[in-house]
Amino acid sequence: MFHPRARTMLLLSLPALIIGVASSLVLIAAMKIASVFQQFLWQRLPASIGIAYDSPFWIVGMLTLTGIVVGLIIRYSPGHAGPDPAIEPLISMPVSPSALPGLLLALIIGLAGGVSLGPEHPIMTINIALAAAFGSRLFPRITALDWTILASAGTIGALFGTPVAAALIFSQTLSGSNDIPMWDRLFAPLMAAAAGSLTTSLFFHPHFSLPIAHYTQMRLVDIASGAIVAAIAIAAGMVAVWCLPRLHELLHRLKNPVLILGIGGFILGILGVIGGPLTLFKGLDEMQQMAFSQTLGAGDYFTLAVVKLAALVIAAASGFRGGRIFPAVFIGAALGLMLHAHVEAVPAAITVSCAILGLVLVVTRDGWLSLFMAAVVVPDTNLLPLLCIVMLPAWLLLAGKPLLAANRHEP
């Protein structure tokens, strides 16, 4: 009844569904545990001893302690809590399963402790390793590369609550041929991404969109404004690109992860005191609070963007286990709101979406993901043509430029 191509796709459907659901459940479990732990550390515990959670003493002390604990996990756990996210790309080959408990624990403590990184890199590493370890036993004919693709697609769908991001990302890597069309290759990853996003939606839905005024009609001047905003965001991001490898090398001369992360946590605490609680944690909930605030002005948005960018660099350079996409979205939103406050003639929909596009492009160097993040934070179909046009000069600016990553050091 089915063509052999269709039968091949159907055979991959079951593993794809299982991987997608499992990827989402791992993410949900980690986020729920981190959320409970965060409420205890930042609400119940300080209230029980009569200290304000936003006091300088508590912020500096909590982040310093978080750094020390994560450092102890990295030093003494099997596999040293997985690869350093500052060195490894978001999607890479499977790591040893023995490193996963330490990696998961380091992630949860970092998220709960207020570190300015998201969950995407460790969750991706965990899901890829689990998929390869269990999948190779259950379905030995499927290669490790296929398990990596399915797990990463399922994780992307779970992280962003939609399979669209995975479809966009893998459409540029799983190109078709005369024998196998691109959509044949995309079928199983898209199935995994759909399963991951639907499973996530049963428990919670990521809140990316901001309450920003509707963009009515594209004008020529808006394209120029958007390109300038994206260029400003790229310039800010390139400062981080320059700083990260140098700071990473400087800190890792100490050799001891407990000392490195303790110092990193202390600096993050100082930055948290300067920027306030909005600059702590992964940034999604804080971005909503920032957008809904009626008291913040241009200077406040500028401070939030600069402090969060510095915190992102410090956290990544120190070796905290976390991702850089979610903080980059926060930085882009803060930068966009600041630019709109300075030049109100440029709609906030343009400044925010184009700033996010520029920052995420610097962090990921992935045009589709950058467009996707800009479009989901400012969900306005009238903006899509403008964002696609603005992407062109932004991509030209970054062509051949170094990535936001540290260099490997000899032990």
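Counting starts with 1 at the first residue shown.
Every residue, even glycine, has its Cβ placed from backbone N, Cα and C.
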Quick check on the annotations: Swiss-Prot lists transmembrane segment for one of 33-53, 54-74. Which range is it?
54-74
Restricting to the same chain and to residues at least six past its boundaries, which positions have a Cβ under 8 Å from a Cβ of the transmembrane segment (9-29)?
2, 119, 123, 126-127, 130-131, 135, 138-139, 142, 146-147, 150-151, 153-155, 157-159, 184, 187-189, 191-197, 199-200, 203-204
Recorded stretch that, among 99-119, 186-206, 322-342, 343-363, has the most CB pairs under 8 Å to the transmembrane segment (149-169):
186-206
What stretch, picked from 296-316, 343-363, 386-406, has the most CB pairs under 8 A with the transmembrane segment (99-119)?
296-316
Using a threshold of three or more Cβ pairs below 8 Å, and leaving out pairs closer than 6 in sequence, do the transmembrane segment (54-74) and the transmembrane segment (258-278) count as in contact?
yes
Per Cβ pairs under 8 Å, the stretch of 54-74, 322-342, 343-363, 386-406 packing most closely against the transmembrane segment (296-316):
322-342
Out of 54-74, 223-243, 386-406, what stretch is closest in contact terms to the transmembrane segment (322-342), meaning most Cβ pairs under 8 angstroms?
223-243
